[in-house]
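Here TrEMBL flags 62, 66, 69 as [4Fe-4S] cluster binding site. Under the heading (3R)-3-methyl-D-ornithine binding site, TrEMBL lists 137. The S-adenosyl-L-methionine binding site annotation in TrEMBL covers 162, 182. Annotation comment: TrEMBL describes 48-270 as domain 'Radical SAM core'.
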Ligand code: 5AD
Ligand code: FES
């Protein structure tokens, strides 16, 4: 197994059979070896700086019905909210003062925010904070819409592919959503010029090792600037309420593999990772991640953006999360960076 990790480190790729062998035969010893290598690669590319992104969850309305997600449209128990342009700007003002230089706008697929409305918001924020990067996470849109958002000033786009296996994709999503369209979006975003992020949940229902292997193969092909992965965590009001959560161990292992396969990728230690273990985000960094995304959403809406049960930070103010994160990163010898934190290829 160590030879396979060395091979991945040296050549930045493995065959599907090799990936499968590595994932299926992992052991505590192999994890330790992988994480040491992954940290070395991360340090080589980004030093001990951890980039932070302010996450603004601006709407929990969604027209989609993904079986895993707490804010799916069929969940009638969710109290829905939308932030106004002014509320969004207030989040950025608070965030800027706290040192955030990237704002991530994330929401359900909500038709209320027309292209015109989004363009106005993007444009206003970009003019108010020209030294900040804008990341969008708004789901599937047309090429023209993506292009218009980019021209309005958006820099980056996050769209997790969720799984690169067709059959698995159709067991996580109702008819009408397709992996094919998801991939189309990701390639178009890249073509337009965005820094692009894909990603998936670890341990989602029906996921097999082969699915994870396909995720690795797909990510190698797409060559994204960012990859967001976290454990699946059941939400009690979804069809997947009774499935087990993904494990810390496998999530960390996948983070390490991704760091070796895509050495310069921007890789967050996600909130979901922090939810399944009190030190999950720290362990994510120690497995090769280099980004954290503290919540900047107004405190009064946080509990309403529950994609999964027991999500952390839903009772904390933006400043609390910001300084909590700084302490957490310093506790493991890392430094929370006040910069845009672009992908290495951008400099
Ligand atoms: N557990 C973990 N992650 C989830 N997401 C949605 N629902 C869940 C869940 N139950 C992730 C999806 C989505 C991102 C915004 O959150 O991967 O792309
Ligand atoms: Fe939110 Fe620690 S990061 S409270």
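In case you wondered, yes, glycine gets a Cβ from its N, Cα and C as well.
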Residues flanking the [4Fe-4S] cluster site, with Cβ no more than 8 Å from the Cβ centroid of 62, 66, 69 and excluding those residues themselves:
64, 65, 68, 70, 71, 72, 73, 108, 307
How long is the line from the C-alpha of residue 62 ([4Fe-4S] cluster binding site) to the C-alpha of residue 182 (S-adenosyl-L-methionine binding site), rounded to the nearest angstrom?
17
So which binding-site residues out of 66, 69, 182 are up against ligand 1, CB under 6 A?
69
Residue 66 ([4Fe-4S] cluster binding site) to residue 137 ((3R)-3-methyl-D-ornithine binding site): how many Å between their Cα atoms?
16
Using Cα coordinates, what distance in whole Å links residue 182 (S-adenosyl-L-methionine binding site) and residue 137 ((3R)-3-methyl-D-ornithine binding site)?
13
Between the Cα atoms of residue 162 (S-adenosyl-L-methionine binding site) and residue 69 ([4Fe-4S] cluster binding site), find the distance and write it as a whole number of Å.
12
Measuring CB to CB from residue 137 ((3R)-3-methyl-D-ornithine binding site), give everything in the same chain under 8 Å that is also at least six residues away in sequence.
104, 105, 106, 107, 157, 158, 159
By the DSSP assignment reduced to helix, strand and coil, which category contains residue 137 ((3R)-3-methyl-D-ornithine binding site)?
strand
Let me know the DSSP-derived helix, strand or coil state of residue 182 (S-adenosyl-L-methionine binding site), please.
helix
